[in-house]
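Report on the structure given below.
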Amino acid sequence: MQIFVKTLTGKTITLEVESSDTIDNVKAKIQDKEGIPPDQQRLIFAGKQLEDGRTLADYNIQKESTLHLVLRLRGGAKKRKKKTYTKPKKIKHKHKKVKLAVLQFYKVDDATGKVTRLRKECPNTECGAGVFMANHFDRHYCGKCGLTYVYNQKA
């Protein structure tokens, strides 16, 4: 019997088949005529996609029926649900920018013009010059190396 296959371009191919032929056989015949590999072909008849192992008789395809040929789509992942968070996002710490911050470490005497250090500089070799120690109420502390000097406690 003769069936028609309408391609994507609108071109109609005629194929000579038997009702006992499988969909695989039909796809092989389409490959011979059009050069499209069978694994990329999808045949549709009466709104249903035809499975490879079944025969034309299974789908009630009779003489002069028209099958529609479409190409297989590649890829496409599952759509994911949007995450819902229980806690709000933590606000990032904003760095406080202080202009001329080094002025708080030194004092200039108005009369003599002499510069004196207000903070103690860390003597540790790994810190290097210019690393000042933090003034706490009972100690000096270096934030870089962890060196601590505790003030003398008067009893």
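All positions are counted from 1 along the displayed chain.
Placement of Cβ uses the backbone N, Cα and C atoms for every residue, glycine included.
If you look up Swiss-Prot, you'll see 1-76 marked as domain 'Ubiquitin-like', on the strength of sequence analysis. Here the domain 'Ubiquitin-like' (1-76) is broken down by DSSP into helix, strand and coil counts: 15 helix, 25 strand, 36 coil.
According to Swiss-Prot, the feature ubiquitin cross-link maps to Lys48, an assignment based on similarity to another entry. Shown in sequence order, Tyr59 are the residues of the chain, 6+ apart in sequence, with a C-beta less than 8 angstroms from the C-beta of Lys48 (ubiquitin cross-link).
Away from its own ends, the zinc finger (122-145) comes close to residues 105, 151, 153 of its chain (Cβ-Cβ under 8 Å, at least six residues beyond either end). Taken from Swiss-Prot, the feature zinc finger covers 122-145.
The average pLDDT computed over the zinc finger (122-145) stands at 88.
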